[in-house]
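K.L.:
Per TrEMBL, active site, proton acceptor is recorded for C127. Among the features that TrEMBL reports, active site, proton donor is placed at D196. Marked as substrate binding site by TrEMBL: R20, G21, A22, G23, R63, N206, K207, K232.
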Amino acid sequence: MDAKEDLNTTAEKIKTMEIRGAGRIAVAASAALRDYVMTLKSLPMSEFNVKLEEAAKILVDTRPTAVSLPNAVALTKRHSANNVYDAIDEIAKNAEKFITNAEQALGKIGKIGAERIHDGDVIMTHCNSHAALSIIKTAFDQGKDISVIATESRPRRQGFITIRELNDYGIPTTLIVDSAVRLTMKEVDLVVVGADSITVNGALINKIGTSQLAMAAQEARKNVIVAAETYKFSPRTLLGEMVEIEDRSSDEVIDADILKELPNVKVRNPAFDVTPAEYIDLIITEVGAFPPAMAFTILRDYLGLEIEV
Ligand code: RUB
């Protein structure tokens, strides 16, 4: 397989969700870009930069919602070199730094977030977030007697990944269907979810259904905690851009043959939704726990991306 095929294979795996979760896709994209540019040593500089931009676009275009992906690609590809060898060296170092920081961030988020979990707590989570699970597992490792209510997360049922992971970790877990969230909320002490993107006004974009957990939690006066690495904050929302919500195939929701028999029916399958800042108590990042109103500060101080207006 040549280098471009490797890059396309990673892109395809992200698109088909073989690689999924905002953190995992970011790390995979950074590594894929690094591996690809390593094969471009013999090119003149101008051609190298063209190929670099093409590869970056292939990766970024795979899934539109998780800002971790364009952030990872932007942080990996930037270089100030004027010869190809130095450019490759810089990009390899960027990837190394991004991947190491991403791995360490999960541990730090776990530690900071676990402070908010107390002995006896019942935690509700949604979909499958490595950052949210890091908090839950760290609290359990600290000896806290906790249990989890995990939503199924239709249509892709990432809740099944979550319950398997929690089961294998020895954490008592209850699986519920998504529509049981409000009924079950009275048994819950706090909600812990992950993030695909966080906007400058502190809104959370995460797996479809997250906002119903947050609304039910507010109604029941339970806290909502978001676990999000700083690279999940969206710089382009500073320019007024909205985060695009990915619409996925109807095949994930209903069998195509059944749908064919129903000419008056259409299916919508948005993969994410938006939870306004007022429903969120705290965002746990690797650099600390912040109220959503501080999203701008995180973007300014920790992302360090140059934003083209
Ligand atoms: C996954 C999802 C997760 C976030 C955060 O959606 O919404 O909550 O991506 O995950 P999908 P993590 O399955 O469509 O990718 O904390 O692992 O980055």
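Every residue gets a Cβ built from N, Cα and C, even glycine.
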K.L.:
Give me the non-local Cβ neighbours of K232 (substrate binding site): same chain, 6+ apart in sequence, Cβ-Cβ under 8 Å, ordered along the sequence.
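P.N.:
Listed in sequence order: A22, G23, A66, V67, S68, N71, A195, D196, S197, I198.
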K.L.:
I'd like the number of other C-beta atoms within 10 A of the C-beta of R63 (substrate binding site), please.
P.N.:
24
K.L.:
Within 10 Å of the Cβ of G21 (substrate binding site), how many other Cβ atoms can be counted across all chains shown?
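P.N.:
23, counting other Cβ atoms within 10 Å of G21 (substrate binding site).
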K.L.:
For D196 (active site, proton donor), just give me the three-state DSSP call.
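P.N.:
In the DSSP reduction, D196 (active site, proton donor) maps to coil.
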K.L.:
Check G21 (substrate binding site) against DSSP and tell me helix, strand or coil, would you?
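P.N.:
DSSP call for G21 (substrate binding site): coil, neither helix nor strand.
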K.L.:
Compare all C-alpha positions of R20, G21, A22, G23, R63, N206, K207, K232, the record's substrate binders, and send over the largest distance in angstrom.
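P.N.:
That value is 14 Å for the farthest Cα pair.
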K.L.:
For a quick check of understanding: among the binding-site residues R20, K207, which residue's Cβ has the most other Cβ atoms within 10 Å?
P.N.:
K207
